[in-house]
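Below is one structure; the comments refer to it alone.
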Amino acid sequence: MIEADRLIAADNPTFREEDVIDRAIRPKKLDDYQGQDHVRSQMEIFIKAAQMREEALDHLLIFGPPGLGKTTLANIVANEMGVNIRTTSGPVLEKAGDLAALLTNLEENDILFIDEIHRLSPMVEEVLYPAMEDYQLDIMIGEGPAARSIKIDLPPFTLIGATTRAGSLTSPLRDRFGIVQRLEYYKVEDLQHIVQRSADCLNLSMESEGALEVARRARGTPRIANRLLRRVRDYAEVMSDGNISSEIADKALNMLDVDVRGFDYMDRKLLLAIMEKFDGGPVGLDNIAAAIGEERDTIEDVIEPYLIQQGYLQRTPRGRIVSDRAYLHFGIDKPDK
């Protein structure tokens, strides 16, 4: 598989080496999909049932933090169903005609995957409702008094929507998904299997303890685990004999400024800012964003979820508060209040 990808990359300079590697290590079947056991077992049943009835799979909404494999799961569903998948994202679909063009080109039981579906415009969303429910498009032709509505029948299809913000979806859209799956942060042992599988796909020499070291610092996120693996590979090839042991992985990750808890520079910057500038909180999100020079959405969607899940940060009605665990991690005395 990777050799074919390398040939494609050689012919097309727009392909980056990182993209080629991503495609090579991405699982194609549910059997290769590590972790998320509840999602995998449910999807196996739903897919088999749809195949037995020779129907399109019910519309599927996948939500969870970034990097947990929403796009990967959508492609796996397409492979398991044996159908084509067309991929787009919410911000790209600016007009109703953009969505109509995609829908009218679908074949029976095909999949339309919309990433960041919470960012669909209301106009485009209105077109989706009859398409999802009745497999019909309602299109307005002409303008003013001469305008008329025509209905276009669509083949049965599956819409897969992915979002990091399920709460931002409108109720009418959310209610039209027959299957809703939430992806959780991965356990360390599941990430270790993912790292080891990726290393095998890339023909890397990697010890199990080396894979464990990478997995422990990957913030429960496969995308981060695979990114760290590529950088550890670089370090091992330049500074050693290419074999990735626990010691080599530790040195490489320390060089990358990723600590034993998986915190990177921005994680530490956020926690330290709350502790040192705001006496541990509570402090509002706007103040944190100004203090660390980061966007609100990035803090809320990318940085905070893992810190909260690990018990280092709390969201309260009055603002963000760091926990005692954060003070212990940094060796800082908690101020008396």
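Glycine residues also receive a Cβ, built from the backbone N, Cα and C atoms like all the rest.
According to Swiss-Prot, the feature region 'Large ATPase domain (RuvB-L)' maps to 4-186, an assignment based on sequence analysis. Per Swiss-Prot, the feature ATP binding site maps to ILE25, ARG26, GLY67, LYS70, THR71, THR72, GLU133, ASP134, TYR135, ARG176, TYR186, ARG223; the stated evidence is sequence analysis. For THR71, the entry in Swiss-Prot reads Mg(2+) binding site, with the evidence type sequence analysis. According to Swiss-Prot, the region 'Small ATPAse domain (RuvB-S)' annotation covers 187-257. Residues annotated as region 'Head domain (RuvB-H)' in Swiss-Prot: 260-337. For ARG296, ARG315, ARG320, the entry in Swiss-Prot reads DNA binding site.
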- Query: Residues with Cβ closer than 8 Å to the Cβ of TYR135 (ATP binding site), same chain and 6+ apart in sequence?
  - Reply: ASP153, LEU154, PRO155, PRO156, PHE157
- Take the C-alpha atoms of ARG320 (DNA binding site) and GLY67 (ATP binding site) and report the distance between them in angstrom, rounded. 24
- List, in sequence order, the same-chain residues at least six positions removed whose CB sits under 8 Å from that of ARG315 (DNA binding site)? GLU304, ILE308
- Taking the region 'Head domain (RuvB-H)' (260-337) alone, what is its mean pLDDT? 91
- Message: Residues other than ARG296, ARG315, ARG320 within 8 Å, Cβ to Cβ centroid, of the DNA site?
- Response: GLY284, LEU285, ILE288, ILE299, GLU300, GLU304, GLY319
- Between ILE25 (ATP binding site) and ARG296 (DNA binding site), what is the CA-CA distance rounded to a whole number of Å? 32
- Rounded Cα distance, in Å, between GLU133 (ATP binding site) and ARG296 (DNA binding site) is 36
- Item | Reduced DSSP assignment, THR71 (ATP binding site) | helix
- Query: What is the three-state DSSP composition of the region 'Head domain (RuvB-H)' (260-337), stated as helix, strand and coil residue counts?
  - Reply: 42 helix, 9 strand, 27 coil
- Query: Taking the binding-site residues one at a time (ARG296, ARG320), which has its Cβ surrounded by the most other Cβ atoms within 10 Å?
  - Reply: ARG320
- Message: Please report the distance from the Cα of ARG296 (DNA binding site) to the Cα of TYR186 (ATP binding site), rounded to the nearest angstrom.
- Response: 25
- Same-chain residues at least 6 apart in sequence whose Cβ lies under 8 Å from THR71 (ATP binding site): THR87, PHE113, ASP115, ALA162
